[in-house]
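**Q** Below, the features straight out of TrEMBL:
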- 21-72: domain 'RING-type' (DOMAIN)
- 59-79: region 'Disordered' (REGION)
- 67-77: compositional bias 'Low complexity' (COMPBIAS)
- 195-237: domain 'B box-type' (DOMAIN)
- 344-401: domain 'COS' (DOMAIN)
- 407-498: domain 'Fibronectin type-III' (DOMAIN)
- 483-708: domain 'B30.2/SPRY' (DOMAIN)
């Protein structure tokens, strides 16, 4: 059981990073093997599960930080330990279910099964290697005898059956010849004792004797006969041991045989790292030089512009000052007026005329300036406003020289958001990139959100887990080798106001196969204006009309917020869309009115849902009319009911948002995610997506952007 590694301590010392737990970042202690084949300390599994439990029960607690696998918690209480170890435990679960655990090694959620921790194998092989490493690290630290009287002697061997270490004398005393204990298995001194036989964690009295190839884990014969591995392919333990050991030995021999090649590649990598360091520093210095040149140009232009502004300001102020001095002279007891008053005191006529002539011309000029006051200069500096918009845009696009790699362009027509976001872009074939990086971020008024990055090999990507009722910006850049192109123009998309509700058309409840044609996928319905409609047209002569053909979703809604979308074909004559309660649908579908008065039409309002007479009442259905490429907003007492205000162009895609708990339904233009109409609805019964058609028309449900078409419905 000691293995071959005990005589090669140097090798043992070199594998430390393989012996570190990914959660606590310390040497493994009683490691358990997760279904993803990664190992983790037994105590770390408990701590992480306790952290998740506390996080769910108290989001604001200090122990709810799931992003820190090294979190150290106080000693867990016994009731929590029992709850975690108990088979079938799962947070927020009152019934036995599987336990989902986030593996810190691969960062994926793994299913621990109904038995939780009790269903995991202990990695005894890894434990043994860790113990060898500890011994190699301790070197001179001895393992003392467990049975000696104080002071204990240094042990010389350990008994795997007794799980104790002994000196030579104590071993002879407790393992006398001729007894059963003399047959015990012993190894060199160790503190790592493991059972000689692995027992099945599912059936604790059964030993492991087979290997499940599908689950990649050892099993017992009861697991194969009637357990979780009944239909799985298994092999004998000896066969699995032989096969896996041969593969591992072959791969190890290959790596050892390539040692010189690996050393050569390591040397090459060291040279590449040094070259990268030098080139990076050179590129950094060149970038600093380029920016300093830009700063110099900006400083020069700044100085020139400010000098021009200052010169213009000084010239204008001088003109204003001269004009002000002229006007100051017009005031009494100052300047021109004072001088004129003194001239008037002259009594000699000849002298007065000689002086007054020139003075009168000056007074006359001043009088005219008073009558038509005009400032000597302009106060506005509109001609001196610096226009930097073009330069700002160019600086914003400042990037590395791409050596010919064009900027990829996001295809706005093929990109959309529904339950997830689908982003498509195209790139010239001559500049085909090795990879792309798609960046996206949530646009918030309060905070500047950072960009999330996803590396993509193709030219499209589905982005999941976007927040509802939010706005996101998307952009993409191309990589060819180590060269990066500038980012594309940003695409702004708005997410729906609620989770997407997936359903199909119901082919049984009220479906009229004479007038309606449903495709095999049950996500598209067409109304056929054929021979039957022409026959029904005879009733029009006597004041009757043909009723709407209803079709509903196959799943009802009893709580929560839901959103779904669809497209109405442009050629459709009359289509009604919305929601209706189960009681109202039974009333409509049980009493088909193929020939009734138009005054009692189902959606005209005269049967408890009037748009004209019952504005404020909460009705058990809400339908809006779409047809002839128009969207008709129902009449309302709070807004203009003029036809030009109620008729809008028909959106390419229409969304419906139902808030069952608040009793409210909204109709959206999916292109802009803009609400077109809102109405209260009675939610006392189950509500269904409802559609109605008359004449030629077609409705296509929007397909969720996911590989599993009915994923949401299955979760429900």
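Cβ from N, Cα, C; glycine included.
Fair warning: this is a prediction, and the values are worked out from it, not measured in the lab.
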**Q** Using DSSP, what is the helix/strand/coil residue split across the domain 'COS' (344-401)?
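**A** Counting residues by DSSP class gives 35 helix, 0 strand, 23 coil.
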**Q** I need to check the long-range neighbours of the domain 'B box-type' (195-237): which residues 6 or more away from its ends have a CB within less than 8 Å of a CB in the stretch?
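**A** That would be 33, 35, 37, 113, 115, 118-121, 124, 160-161, 185, 243.
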**Q** Let me know the model's mean pLDDT on the domain 'B30.2/SPRY' (483-708).
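**A** PLDDT averaged over the stretch: 80.
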**Q** What is the three-state DSSP composition of the domain 'Fibronectin type-III' (407-498), stated as helix, strand and coil residue counts?
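**A** Its residues divide into 3 helix, 43 strand, 46 coil.
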